[in-house]
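So the structure is just underneath, and the comments pick up after that.
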Amino acid sequence: MDGQYGDSTRTVRAVSFPAEPGSPVAPSPVTASTYHLSPDESEPLDVYGRYSNPTWRQLESALAALEGAAAALTFGSGMAAITSTLRVLAKPGSTLVVPADGYYQVRRYAAEYLAPQGIKIIQARASEMCEAAGAADVVLAETPANPGLDVVDLHRLGLVCRSRGATLVVDNTAATPLGQQPLSLGADLVVASATKALSGHSDLIAGYVAGSNPDLMAAVERDRLLAGPILGAFEAWLVLRSLGSAGLRFERQCQNARALAVMLRGHPAVRWVRYPGLPDDPSYPVAADQMKRFGGLLAVEFESAAAVNALVERSELVIAATSFGGIHTSIDRRARWGDEVSDGFARFSLGIEDTDDLIADIERALR
Ligand SMILES: *Cc1c(COP(=O)(O)O)cnc(C)c1O
């Protein structure tokens, strides 16, 4: 059983498919092949690329296995997965809670597209989620919240949602299924961007929804079919190819994040550091309870914007980039994107470089 294996074994197994004599080990992308209709008209599989294709199904079965879900659906981006899910769940007259301190485009979508349709939007920070859920029909939580890295108590939030019949959706982008499995903690659906640590090479955009409630999954699949926010078959194949090394990559990213958190914590150039895996972090008690690994992101406040820029300039290994989760260590000064943070606030995304090299490089750059 997969339960007995470690995560690197599980990621490798998630992308191992039964061999068929004469077929390639890893299927090449199915893009515009001729879809031969089956004479059996009750079998609508693969009649057209927006319905489904074999590469999607392989990726979806791998993602479902990693999330501990009955099923998964791929999307053309994380936002496509999130907005499709919200279109299905949030009906006119209903109340939707979205993270105030999470991924900013989600708030924009809620304000610009859902609110005008008569959906009441409540914005709540990670620490306010459980209280806000008391008045909600649908709750979208993000934990650890990007970029501040506060953690939401998913078990408690799940109980609040269940007690009032609200649907709980959790954005699992930052933690990945190797860091936490929200469905096992009480979420009804997981939404995520596979653009970040899961695919990990900063070379594609993809998203997915995972869940075990067949009605919810069928409704999301229906929206994908009708609205069409699909993942290209080539990207689906690339995610699948990348997934096999996700266990190794994520392990190193988490190790590097922890080492950097420990180094920066007492550093004179740093005002504060947030990492849910540091035992004195305010999020640690909940994070230690619900997370298996604490992730590759680090939130740091330096003195000023100039201090962050100087670090990038002097470092040989840290690059300035706004996405995260890739194999290269990067830093993003979030105030430039309008996040409500100070000018010196930066989010590190740890790559897979050797830990000692990275720490020495950043120490040197800060000197
Ligand atoms: C990047 C991100 C998204 C959006 O994903 P895309 O693949 O860029 O559309 C959603 N949620 C979180 C937490 C993210 O970091």
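Any Cβ shown, glycine's included, is placed from N, Cα and C.
Features reported for this protein in TrEMBL:
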COMPBIAS  1-11  compositional bias 'Polar residues'
MOD_RES   LYS196  N6-(pyridoxal phosphate)lysine
REGION    1-43  region 'Disordered'
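Taking H, G and I as helix, E and B as strand and the rest as coil, DSSP gives the compositional bias 'Polar residues' (1-11) the counts 8 helix, 0 strand, 3 coil. All chains included, 23 other C-beta atoms sit within 10 angstroms of the C-beta of LYS196 (N6-(pyridoxal phosphate)lysine).
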